[in-house]
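Q: So that we are looking at the same thing, I have put the structure below in structure tokens.
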Amino acid sequence: MTAATSDSLLKKSTGRNTRGLLRLVILCTIAAAAVASRLFSVIRFESIIHEFDPWFNFRATKYLVANGFYDFWDWFDDRTWHPLGRVTGGTLYPGLMVTSGIIWHALRALTLPVDIRNICVLLAPGFSGLTAFATYLFTNEMTTSPSAGLLAAVFMGIAPGYISRSVAGSYDNEAIAIFLLVFTFYLWIKALKVGSVFWGALCALFYGYMVSAWGGYVFITNLIPLHVFVLVCMGRFSPRLYVSYTTWYAIGTLASMQIPFVGFLPIRSSEHMSALGVFGLLQLVGFVEFVRAAIPSKQFGTLLRGFVLLVFAISLFGLVTLTFAGVIAPWTGRFYSLWDTGYAKIHIPIIASVSEHQPTAWPAFFFDLNMLIWLFPAGVYLCFLKLNDEQVFVVVYSILASYFSGVMVRLMLTLTPVVCVSAALAMSYILDSYLTVKSPETPESVSSTADSSVSGNGSTASAKKAAKQEGGLRANRQPLVGIYTLFSKISVVSAMTAYLLIFVAHCTWVTSNAYSSPSVVLASRLPDGSQHIIDDYREAYQWLRQNTAEDAKIMSWWDYGYQIGGMADRPTLVDNNTWNNTHIATVGKAMSSKEEVSYPIMRQHEVDYVLVVFGGLLGYSGDDINKFLWMVRIAEGIWPDEVKERNFFTDRGEYAVDDRATQTMKDSLMYKMSYYNYNSLFPPGQATDRVRGVKMPEVGPVLNTVEEAFTSENWIIRIYKVKDLDNVGRDHASAASFERGNKKKKVTKRRGPKVLRVE
Amino acid sequence: MRSFALASVFLSLVSTAVCADESNLTKPLSSKFLLPSAFKPPQVFKNTNLVHVVNLEKSYPKESINVVIENTASSPQDEYYLPFTTRQMETIGALEVKDRKAPESGLFEVEAAEIDPESDTQYYRIRLPKPLAPKAQQTLGITYHFLSALDPLPATIQQKENQYLVYTFSAYCPSAYVTLKQKTEVKFPTTNIREHTVIPGTGKEPQSPQIQGTKYTYGSFGEVPAGAYEPVRVRYEFTKPLIHVSRLERDIEVSHWGGNLAFEERYTMTNRAANLSAGFSRTQFAQDAYYNPQSPAIKELKFPLRVGSLTPYFTDVIGNVSTSRFRSNKREANLELKPRYPVYGGWNYPFRVGWDADLKKFLRKLTTGDGYVLNAPFLEGPKQPEGVEYELVELRVILPEGATNLKYSTTVPVVSESITMHKTFMDTIGRTTLTLTSINVVDDLRDREIIVTYDYPFMAGLRKPLVIFSGVLSLFVAAWAIGSLDVAIKARSS
């Protein structure tokens, strides 16, 4: 007897161990797949930092590693925003850099001198493995199904919506922030379930880490209070909720205030008010609950009504007063643009000019999430079926994130985790239903399965319902349900397997084709099929770095500011940190005005070189002429009298660069610098712009105040040197015309025929 | 752990100190022995016949002096002095002397001598292997070159213009002794010589120079006293880059486990050619590349590597440079590099190249004991028709961890040597590293070799696996120990 029980116990524990081990192996494989699928660009190109913002993060990380944490904290960078400079240490989210720095130091302590660049490049893939694990934990809190967590992990690992921001080399804040987001949510759910201060404090700490890493922490700051608010409204207030929320809010707010960039925002800005409000609400509700226990219910009702009205009036009055007094910052433009997608275009063109701030087009959801997007509602529905506190969180999260992801392309990133979790819930529910359900022993069911399974979806739904009510009266009356047959099981499961396989193929394809280009290096195919690399950006940046003075100021459109800072190591006027609209507009004005207007601006800003991107020769469409209208618009926002967008369009409203181009367009510095000397590359009259697909005017533009300093191999980058003042005090136009050997125009006044003056 | 930290701090201090020393390159690093300031070389020799050849075919002047010396003293003499100006002493490289009659007998011992830092004349002392008997004669073959001695004139040119270089030297070969008969030959790269100094003829001597194609000959001249100087200035066409490497760091890393010899070279390269008078025009460049391929810009560097070299890389500070080709087959392994942009005069282009090779081709185990012999090229820079000059070459030979009893030999003049520890991937004590510094080197020394012998006991090879094994083991033990601790506040219910 005793031997038999111990044997079964052993079996049980062995089974659990085996399953645990298997799960561990699967999770490791998922993490490996998540990392591996992000390495396309490293294999195809090299270990290189991508795009624009990552170059700044990379540069900041190098500074941190070279100078130590305290210098980094106090870093005043005089090489950006010339002549203003930037208090970089106080105006960035240091989490990303510090994480890389810690990894770097840890590896060095193990005598593994890995280059900081490789750490930065591989940070995002590494953290995506952790994100998959965090998603697994989070999903396991939602359901008892053991497969849902693993499915969610694998979805999260390879969903393109997340890969788009976390391929190797995409060294941006989102690289670690998504992991922190999911993990903070997991800890929050855990804290809420257990009602423990420990989990609440852990959640707050990870929230603090998240705040240090990404501006998107505001999403958590609002989502958790919203969740709590919804729970309170649903009458689910509990001591667990009270303990976990107050712990999270108190510690989390303190933690977030340690970041200089955040500082006192959590108590002063409108975005953080909901968390504070819910904190106050919880105190009130807690107090009310306490009073309810002490006072008879009739008096309690009156008391409650008066109390609620009083508190509401006082807090509203306080909020309004503080807002008007300027203690609480009003909503920012970026926030308004979340509610009105047209807002930014009218009021803040600089926000609208960023492609990732555009509203999402609907195919993007399928592109980034594929089958998950249609499993998503099903998963949310399943949450409604079993609506505990944690399922409410998923519902709230999915509603909020769905809205935001529709407003801004980049917020697709915050939607992805909840989509993966919900889809995994739905998928695992389907698979569990069809894989593990045992056939009942009634013989009728077998006989009539064939016809009902053929009828498809409707019958499977009813079958599911029937399966749930097994043993009920209805089930007895109509037990002839299709899902018990091998055929229905196989067909549904194989369909799902096919979807999963297609999903994997789609993810791989999207990652490989859409998200794995460094954009610093362009690739093209030679006729023989081999890859040809177009490396003009780095060619020009390296030229700047090696052959110009250490403190030569470079003026370019703000897109290239971070790259110039990172690769060319030269001071720039404006960069991708777009906090100073006027300064950017100044550059926009210099680019869009005549030389005579631009030259004083450039002199005032001590510009030595001007860099423009020109794709006309190669057909590279992301060039400055195509971005030019944004420069004009941003400049017009500040100087509406001097720069007018209308003047850059032809009479017929076309944006033209060829013969039809307006005089304003042809006189603008940007146009001249883009097309200077371009004619000489072609036989006379044959010059064509391959981006705009037009034939250029016979005579190219003439430049007087700047001279060509360097042009990259495919003409993508053109660098001009700003001329010094003329030695003999002429203006540049006449000096240049003298150099060209033109005769000096006689300045004699031409007199018209003599006219008798009347009046 | 603390001792490690201390040691690393100390090492970093040492390395910064070394760096600080090396960055001050205005003075040659060569060993010197001091002579009294009023030193005059004793007049114990006379040069009976001297031929001085100035070769200007490359981007640095290469000179050779073939001289028949005769002992005029009454006792045997073995110290022959060779004078140079202070400026020349800073840029002279690879001064080598051998017996012209018996070149196989090896190089003579040569040492730089400093008499007075203020004086403009400095000496090299050549020690003859055998003292020369009175009245006896010996033929010396002296070769050397100067770095940064050719200057473009005009200093700025247009992108498609020809470049002209100026070189100034003495028609009378500088000598500390009386010279009875001598002539100076100049070899130019082309016949396009814009200017040259003419020395009018005297009674029995014809007017100099005599011109034969690209060869100009000054002299021959009759008896000339010691220290005579007759400046000659030539200006000639040289539309090629003047490749100047101000610092080359070359690492050779031996891996016994991997059977691999890894090379890495870091160049700080400048073009000393005439600067562009206006900005760089890409249109002009594209046209010139077609019509007139000669230009003072560095467009391509060719590295002929040892056959069997593999996995080369070419990077600079912002990543991989995609414009390179590697042609490797059974007979050759050519690495052809294109800088990101054509390097015109005054432009810089620092870069880094590296490659691997099979260790078996370079390393041999001695038949007795744990000894190994490594034979690798001292210098493997680009092989360009116009030549390459290196101001400072720092060669590091990184041997495996635990290698001892290190000895080396090379024919390249070395100004400093040190043996240090280089700590890198998972090292506990660090790898034995030999660092050699050489100055004023040119690409003529490409074929010179360095031979390093060292002992590498079998157990040293097992050090790293054992360290890693014990490290992981201790990690597991620690994890197990911590996991079995009971830190619960309330008593565990059993």
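Using N, Cα and C of the backbone, Cβ positions are placed for all residues, glycine too.
A quick note: this is a predicted structure, and the numbers were derived from the prediction, not measured.
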Q: According to TrEMBL, which of these ranges is region 'Disordered': A:571-597, A:733-759?
A: A:733-759
Q: Establish whether the number of Cβ pairs under 8 Å between the transmembrane segment (A:144-163) and the transmembrane segment (A:21-43) reaches at least three, counting only pairs separated by 6 or more residues.
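A: Since 3 or more Cβ pairs under 8 Å link them, the transmembrane segment (A:144-163) and the transmembrane segment (A:21-43) do come into contact.
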Q: Can you work out which residues elsewhere in the same chain, 6+ from the ends of the transmembrane segment (A:91-107), have a Cβ less than 8 Å from its Cβ atoms?
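A: Apart from its flanks, the transmembrane segment (A:91-107) reaches 57, 60-61, 64-65, 69, 72-73, 113-114, 116, 119-120, 123, 171-173, 175-177, 180, 209-215, 259-261, 577, 579.
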Q: Applying the under-8 angstroms CB criterion, which one of A:175-208, A:214-234, A:273-295, A:364-385, A:392-409 scores highest with the transmembrane segment (A:246-267)?
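A: The stretch with the most close Cβ contacts to the transmembrane segment (A:246-267) is A:175-208.
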Q: Counting Cβ pairs closer than 8 Å, which of A:119-138, A:175-208, A:273-295, A:392-409 has the most of them with the transmembrane segment (A:214-234)?
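A: Per the Cβ under 8 Å count, A:273-295.
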Q: Which one of these stretches, A:119-138, A:175-208, A:273-295, A:392-409, has the most C-beta pairs shorter than 8 Å to the transmembrane segment (A:364-385)?
A: A:392-409
Q: Which one of these stretches, A:119-138, A:273-295, A:392-409, has the most C-beta pairs shorter than 8 Å to the transmembrane segment (A:175-208)?
A: A:119-138
Q: I need to check the long-range neighbours of the transmembrane segment (A:273-295): which residues 6 or more away from its ends have a CB within less than 8 Å of a CB in the stretch?
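A: For the transmembrane segment (A:273-295), the nonlocal Cβ contacts are 221-222, 224-226, 228-229, 232, 237, 241-242, 245-246, 249, 253, 266-267, 303-304, 307-308, 311, 315, 319, 328.
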